Amino acid sequence: MTKLSRRGLLKASAATVTFAATGSFASMVAAQEIDELIVAYNVNLPSWDPTVGASAVNPTIQGLYQSVFDQYILQKPDLKPAPGLLTDWGWNEDYSQVWMDVREGVTWHDGSPFTAEDVAWSLARVADPATGSPIQFVWGTLENHRVEGNRVIADVKQFDPTIFKWMYFLTGYVLPKAYYEKVGPDGFEAAPIGTGPYMVEKYERNAYVRLKANENYWGGAPEFKTVTIKFVTDAAARVAEVESGNSHVTLEIPYEEFDRLKAGKLNGVTAPISDIGMIFFNDIDVMTDPNVRKAAVMAVDKQAIVDRLLSGYGVPIDTLETPEYDAYDPTIKTPYDPEGAKALLAKSGYSTDNPVKFTIQTTRGFKPKDYEMVQAIVGLWRRVGIEATIEVYEIAKHYELRAADQLAPAAFYNWGNSVGDPTTSTGFAMYGPSPHSVWDGQDLIDMINPLWGEKDEAKRIDGWKKVDRYIAENALVLPLLQYEQPIVFASGVKVTPHASGALLPALMTRG
Amino acid sequence: MTLIRRILLRLLTTAITLFGVAVIVFFVIRVVPGNPVAMMLPPGATDDDIARLKALYGLDKTIPEQFLIWLGGVLHGDFGTSITTRQPVLSLVLSRLPATIELSIMALVIAMIIGGALALTGTRKRGTKVEGTIDVTNGVALSVPDFLWGLVLILLFGVLWPIFHISGRISPSIDLPFSTNFYLFESVLRLRFDIWADLVSHMFMPSLALAIPLAAIIAQLLKQSLKETMHLDYVTLARTKGYDENHVITREALPNAVLPTLTLIGVQFTFLIGGTVIIERLFSYEGLGNMAIDAVINRDLPLIQGIVILFALIFTAVNLVVDLTYAALNPRLRNG
C-alpha cells in the first residue's frame, strides 16, 4: 500500500484549494463591466403561474412575476397606473359594463401575437371558481367577457370601484391563451411565457432563474440582456453575496449592514414602500375601553422608534394610509403625548402603580426589527401605566388567529397595499366582516358599508378619509410606520426603486 | 437470531416506525396553529372564499378523513400535490434528495478526513502540547453549532478571501448535460471536471460547516479508542518487534480502534442529514432541507409530510444498514 506522507497530503490539499479557487474566481462577477446582471433575491419562487396558489398573493414575489409577465395595467414606480397591455379602460355610463382597449403590436415570448382574446380569456379564467384564484372574489364581479375588435368588454355582475386597480395588483396578469391551452398548467409551469421585459431562459427551483431580455418588449428592450436572480433567503448570505461581488444587487438586508456597505465600495438606495407596520387592536377585554386604546396610541413615540431601531429608515404614520395612497390625509394626526396618555388611563383607574394589563403578539424576525419594535413600545407603554406581555408567534399563526378573530388585544403586523387604494388598506384591515379585521364595531361597519359600491370616485376617497379620521380619533388601531426598502448595488448598475417594493431588473440600467 | 431473521424483523419495525411517523406528522401539522388557506387569503375574502379554498386543497374534510385519503394515495405512490408549487410532492422531494445526499456525503468525507487526521496526530503526539491543542480545538468545534460555522466560513472564504461560492449548488451559467440530479457523482462519471470543480466550489463551505462538529466527535472517539488499544498486548508486541510508532498506530492499533467510530459515524450520518436543513438555508443550497423550511413557512402540508416521511425513511434505512453491518462484522451477533 502506498504511504501518504505529510508532504503529499499538504500538496494534495493545496491543489484542491487552488483548483476550487481558480474555478471560483473565474466565475466571479466583474464589478466594473457587467455582462450578466446578478441579483440576490430574498425569496424563493415556488410557482410560475402568477394567478393561482399561494405565490400569487405573496407581495414579495411580484417583482419576479412582473419581469416575465405584464399586468393588464402598468404601475409606475410611484404606484400610479399607466397604459400597459391595456391602453385605455373604463366603465360605460351606467356602470353595467367595463371596457378595455388592448395594445397592438405586442408579441408573446414565443413570437406569437398578443391579442384581445388573451385579455378576455385571462379575465374569464380567474373569474371561474374552478381555476382556484385566491382573488376570484374580485375577478368574479365581471362576467360575459367578450372581444369586439381590439376592445374587451365584460358585464359588471357586482360593481367594484377598485376593479381596475386590481389589474395592477395581485393576480392581475395576462397569460397566453393559445399557449396555455396547448401546454396545460404543467407545461406552462415548466416553460412559462409572457409579454414582459424578460424571458425565462433557465429556472432551478429554490436556486435561481436566468432571464434573457425580450428585445421585442413593447416598452423598450431592457438594458441588461441577461439577468440571473439567485434566491438567497438568508439576509447574512445576501450581504456576503454583494460584498464579495458574487451578486450585483440585493435587497432587504439589515439597515446597519446597508449603512456599512454603502459607506464602502457599494452603492445603496432606500425608498419608502407601500408596506406599513401597525398594531391591530382587537375589541376584546381592556381594548373596549377607549381611554386604554387612546393612551396606547399616544404613548408611542414613532419617530424615536424609526430613528433608534430602524436607523432612520422609516416614515411614522398616523393612519393606515401612506403619503402615496389615494386617501392619505395629512391633517389626521395622532401625536406622541405621554402625559395625555397618563391622564386618559387615570380616568379609567389605571396608573404606573396599577397598570392596565394585556397581551401583545408579534412575530420575531419576519420584518426588520419587528420584535425589537414591540419591545420598545412595551417599554414606552410601561411609563404611562400599561403593562403588556409579549407573545411571540409565527406569521402563519397570526394569519390563522386573525382570520378566526382570535388575536390578542394587541397584535403587531405589517400590511402591504401596493395599489394604494383605501379599500385594500383601511377597508380590509378595519372592516369587521373582513377575515383580516379584528375590529368588529358596528359604527365603523356602517361608515364603511356605503363606500364599497360608491361610484363617485371623489366622494369615495373622501368617505375613506372620514373613516380614517374616525379610526384615528377613536384609536381603533395603532399605525406605526411606513417601511423603507434598502437596496444595495455594485458600481456599474443603477437601480430605480419601485414603491410597491418589487425589485424590477427592467428598471435597472448601467450607470 | 440469524441474519435473515434480523433483517426481516428490522424491516417490519421500519415499516411500523414509518407508519407511526406518518400518523404523528399528519395530525400534528394539522393541529398546530397556522393553516395554508389562512395564509393565502386575500384582503376582502368572504367566508365562501375561505370555504372554496379549503375544499380546493381538501382541507374541508375531517382530519381522519384527510389522513385516509392521503394514506390511500401514498400506498399508490401518490404523496399529494404541493400547495405552494402545485407540483407532485414525490417528484419534488426526489428531485431535491440527490443534492442533500451529495452534500451529506461530502460533509461526512470531510469529517472523516479531519477527524481521522486529528485523532491520529493526537495519538502520535500524546502527552504533548499538540494533543492539548487538538483537545481544545475539538472542544471549540463541538461547542459552536454548524450554522455559526457556516457564517464564519462565509465571512472567511466568501467575503474576506472569496474563493468559494456563497450560495447555490451550481453556477447558473453552466448548462448541465446530466440525466440525474446527482450532479457531483455524474460529473465524475462523465469526466466533466469543470462542472465538478464548480460543484465543489459551491458545496465546500456548507459541507465543511456540517463536517466540523462531526469531525470533532470522530477525533475524540477515535483518539480515545486508539489510546485504549495502544495499551493492548498485541500492540506492545508490535513495538517489541521494532515497528516504528506510525506503523504501530496505523497498521496495528487503528484497525481495531476504528470499529466503534464506524458505528458512530453511521448514527451521526442521520444527524448530519438533519443538520442540512439550516445549512442549506444559509447557503441557499437547493436541497431537501431548504425546501423543508419553505414548506413549513408556507404551511405546505402535503410537502411537509412528504419531506418528513422521506427523512424518516433515510434515518431508518441508515440505522438499518448500520445495524446489519455491525451484525455482519460481529461474529456473536452474526451467528445468533
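Indices start at 1 and increase along the chain as displayed.
Glycine is treated like the rest: Cβ placed from N, Cα and C.
Among the features that TrEMBL reports, transmembrane segment is placed at B:7-32 (among others).
Residues or ranges marked as domain 'ABC transmembrane type-1' in TrEMBL: B:97-326.
Sequence-distant contacts of the transmembrane segment (B:99-120) (same chain, six or more residues past either end, CB-CB distance under 8 Å): 134, 137-138, 169, 181-185, 200, 203-204, 206-208, 210-212, 214-223, 226, 249-250, 254, 265, 269, 272-273, 276, 279-280, 285-289. According to TrEMBL, the feature transmembrane segment maps to B:99-120 (among others).
Per TrEMBL, the feature transmembrane segment maps to B:140-164 (among others). With a threshold of 8 Å between CB atoms, the same-chain residues lying at least 6 positions outside the transmembrane segment (B:140-164) that come near it are 201-202, 204-206, 208-210, 212-213, 215-217, 220, 275, 278-279, 282-283.
Look at TrEMBL and you will find B:199-222 (among others) tagged as transmembrane segment.
Residues or ranges marked as transmembrane segment in TrEMBL: B:257-283 (among others).
Feature annotation from TrEMBL assigns transmembrane segment to B:303-329 (among others).
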The transmembrane segment (B:199-222) touching the transmembrane segment (B:303-329) per 3+ Cβ pairs under 8 Å rule: no
For the transmembrane segment (B:7-32), sequence-distant contacts whose Cβ falls under 8 Å of one of its Cβ atoms, 6 or more beyond its ends: 1, 63, 66-67, 70-71, 74, 299, 301, 304-305, 308-309, 312-313, 316-317, 320, 323-324
Chain residues outside the transmembrane segment (B:257-283) and at least six past its termini with a C-beta under 8 angstroms from it: 100-101, 103-104, 107-108, 111-112, 146-147, 150-151, 154, 166-168, 202, 205-206, 209-210, 214, 217-218, 221-222, 225-226, 228-229, 289-290, 292-293, 311, 314-315, 318-319, 321-322, 325-326, 329
